[in-house]
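Asker: Below you'll find the structure I mean.
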Amino acid sequence: MQVTAPRTVLLLLSAALALTETWAGSHSMKYFYTAVSRPGRGEPRFISVGYVDDTQFVWFDSDAASPREEPRAPWIEQEGPEYWDRETQISKTNAQTYRESLRNLRGYYNQSEAGSHIIQRMYGCDMGPDGRLLRGYEQYAYDGKDYIALNQDLSSWTAADTAAQITQRKWEAARWAEQLRAYLEGTCVEWLRRYLENGKETLQRADPPKTHVTHHPISDHEATLRCWALGFYPAEITLTWQRDGEDQTQDTELVETRPAGDRTFQKWAAVVVPSGEEQRYTCHVQHEGLPKPLTLRWEPSSQSTIPIVGIVAGLAVLAVVVIGAVVAAVMCRRKSSGGKGGSYSQAASSDSAQGSDVSLTA
């Protein structure tokens, strides 16, 4: 797959993080699949990435010299050879099936063989504080557009167009939603609990944000106040600005949460204020790593470039870390849902973290 520019990577990864953030006390496990055809340059490329909460833990790339499911987090390395053999077999089977699906969907849309096309899948589960399924996901996209998705009732589908309706009919005939529901309510949650226990020092930690407010003059009459939150984990955080105690939500510029490249996250929120009225504005920060919410004001004597330097350094690290490893995964969230097709064959045992995963063809 072609390497994406750093700015694009950041935008795509931000979109993915918006997906992985869940309710307080809950956790998630999601897999992102991407298959890209490349006429004249060999077989389509297939990439699979797994996440627990905001942490990537497995990776598979069909273009590797010896394609294998690979660990991407220290706590997953304790899994035995059977685990890696099983997950590798699932990914290899999916790679072949998604290649067939690309050919079939090209026919559905009456497209020529000359162009490159992409199928993306995101599926997984959110687990609530009680250890049960909170929400399940099964979404597909084709060429960057919604294709088909499992509804929240986990028993019906939403097809984006007439081509996707063909897939929907096949899946309904195969009772695919029932199998998915069993996986989401059972195997997915069970593996998520296991991963959370094995990686609890990393996955269940709560690093509080380092916070600061900076001041940036716009003119003689206005200035921007920017509230920074750096170095926090997990990714879920709330930044709000108030003027004399009243929320300024509509007037706040808020960026998506961004990875810092060191397994922590960054975010900022900004407001434009009249010069001389800066002290009427307060930034409020809520995060599970804080014993109580923070309230900050701009302190003229403490103006510092440290937060800006921290952001720049973090983004530089991020560009190096994720360009090769995350692009394929996060693109799936950006497109939201999409497409493959309908027949299925068992690829591995139900003990697989990816599920009693099936190979789907259009």
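The backbone N, Cα and C atoms fix where each Cβ goes, glycine too.
Annotation source Swiss-Prot lists topological domain 'Extracellular' at 25-308. Summarising the annotation, Swiss-Prot assigns region 'Alpha-1' to 25-114. According to Swiss-Prot, the N-linked glycosylation site annotation covers ASN110, on the basis of similarity to another entry. Here Swiss-Prot flags 115-206 as region 'Alpha-2'. Residues annotated as disulfide bond in Swiss-Prot: CYS125-CYS188, CYS227-CYS283. Annotation comment: Swiss-Prot describes 209-295 as domain 'Ig-like C1-type'. Per Swiss-Prot, topological domain 'Cytoplasmic' is recorded for 333-362, and the stated evidence type is sequence analysis. The region 'Disordered' annotation in Swiss-Prot covers 336-362. Per Swiss-Prot, the feature compositional bias 'Low complexity' maps to 343-362. If you look up Swiss-Prot, you'll see TYR344 marked as phosphotyrosine, on the strength of similarity to another entry.
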Asker: Tally the residues of the region 'Alpha-2' (115-206) by DSSP class, grouping H, G and I as helix, E and B as strand, and everything else as coil.
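Answerer: Split into helix, strand and coil, the region 'Alpha-2' (115-206) gives 39 helix, 29 strand, 24 coil.
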Asker: Considering Cα atoms only, can you say which of ASN110, CYS125, CYS188 is the nearest neighbour of CYS227 (disulfide bond) among these recorded positions?
Answerer: CYS125
Asker: What does DSSP assign CYS227 (disulfide bond), in three states?
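Answerer: The residue in question, CYS227 (disulfide bond), is strand (DSSP, three-state).
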Asker: What is the number of other Cβ atoms found within 10 Å of the Cβ of CYS283 (disulfide bond)?
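Answerer: CYS283 (disulfide bond): 26 neighbouring Cβ atoms within 10 Å.
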Asker: Whole-number answer please: how many Å between the C-alpha atoms of CYS188 (disulfide bond) and ASN110 (N-linked glycosylation site)?
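Answerer: Rounded to a whole number, the Cα-Cα distance is 36 Å.
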Asker: Look up the residue listed as 'N-linked glycosylation site' in the DSSP assignment and reduce it to helix, strand or coil.
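Answerer: In the DSSP reduction, the residue listed as 'N-linked glycosylation site' maps to coil.
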Asker: Helix, strand or coil: which one is CYS283 (disulfide bond) in, per DSSP?
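Answerer: The three-state answer is strand.
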Asker: Do you know offhand how many angstrom separate the residue listed as 'N-linked glycosylation site' and CYS283 (disulfide bond) by C-alpha?
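Answerer: It is 53 Å, counting Cα to Cα.
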Asker: Within the domain 'Ig-like C1-type' (209-295), count helix residues (DSSP H, G, I), strand residues (E, B) and coil residues, in that order.
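Answerer: Helix, strand and coil residues of the domain 'Ig-like C1-type' (209-295) number 6 helix, 50 strand, 31 coil.
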Asker: Cα of CYS283 (disulfide bond) to Cα of CYS125 (disulfide bond): how many Å, rounded?
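Answerer: CYS283 (disulfide bond) to CYS125 (disulfide bond), Cα-Cα distance: 33 Å.
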